[in-house]
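What follows is a set of notes on a single structure, which appears directly below.
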């Protein structure tokens, strides 16, 4: 039976680089490894073919020969080893694979575990969100121990490499091609053997501390935005880099404005006489009061847009708009004289539908509705 093309077998293109070849092999090896397929002969053969393909394509010389001559390059008498595939270090492949799972992949390297990232939720006003501000915050985190300066050992105490894991902080166990890893229980994963642990941090090298920070919040932020403060998270183990602090923004509700992205909305009440006769009013913006001209015969719900009076976008740098929705207020607590004036106004408008456009439109619609019912 003809052999399957090595590139097709690994599911990669002929231009695949070393990393792509290794990634494809890892994925397939995990799927077809005998320890997982539990005696399935067909999958066991498939695993052998995958190993064979990997050794050829991962070797520059063998790959070049395969690209030129195909499988014939490795037949007896061709000078390329007669089809023997025993040279690849598959322990390294599986070691890397499980090293990723357990926090590191190299042999003999001390484990480097970056510190945890932290989250801090902060509440600001709309004005602060629009214009930017600086806030002082206090967080509780793991910081390097001041007593031992992060070493975990008392002054003058010996710190040696763990003789069991040789400083890696992990112990490996290999059965055939299958490799497992677990933290070294002799040094508790630190890779070190400390003669006298620091009494302050008990050998960890880190202690819980309160830390004060000043956070600069840029103009234009909105609820849900995150600010990353690099290196302000928890300290890492064994002198590893600290994690980051993520400050999550929450903008308080405003008593006047509603926000939608870069745009602002507000409701502006006016008297019914101004709505009828027109006039000029002052409306609030985040930059102060501005004048708005109300035309005659303005109805409730009419929208006025004030360009550039919204929020400046952090991405585009352009300011949004402020949209004002007019609310015509009905007067309350009228005296008899005022009520009489309104009655006279109502009488004077009786039958003049052109002066009451909304009422006219509504009544016409009602009439058509009932006319349709009686047909």
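Every residue gets a Cβ built from N, Cα and C, even glycine.
Taken from Swiss-Prot, the feature domain 'J' applies to 5-70.
Under the heading zinc finger, Swiss-Prot lists 132-210.
The average pLDDT the prediction assigns to the repeat 'CXXCXGXG motif' (145-152) is 89. Here Swiss-Prot flags 145-152 (among others) as repeat 'CXXCXGXG motif'.
Every protein chain shown contributes to the tally, and the Cβ of residue 148 (Zn(2+) 1 binding site) ends up with 24 other Cβ atoms within 10 Å. Residues annotated as Zn(2+) 1 binding site in Swiss-Prot, with sequence analysis given as evidence: 145, 148, 198, 201.
What Swiss-Prot records for 162-169 (among others) is repeat 'CXXCXGXG motif'.
Mapped onto three states, the DSSP output places residue 165 (Zn(2+) 2 binding site) in coil. Annotation comment: Swiss-Prot describes 162, 165, 184, 187 as Zn(2+) 2 binding site, evidence class sequence analysis.
The annotation repeat 'CXXCXGXG motif' is assigned in Swiss-Prot to 184-191 (among others).
Annotation comment: Swiss-Prot describes 198-205 (among others) as repeat 'CXXCXGXG motif'. Secondary structure of the repeat 'CXXCXGXG motif' (198-205) per DSSP, as helix, strand and coil residue counts: 0 helix, 0 strand, 8 coil.
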In three-state DSSP terms, residue 148 (Zn(2+) 1 binding site) is classed as coil
Neighbour tally for residue 162 (Zn(2+) 2 binding site), based on other Cβ positions within 10 Å of its Cβ = 21
By DSSP, what is the split of the zinc finger (132-210) into helix, strand and coil residues?
-> 0 helix, 37 strand, 42 coil
For the domain 'J' (5-70), jot down how many residues DSSP puts in helix, in strand and in coil.
-> 52 helix, 0 strand, 14 coil
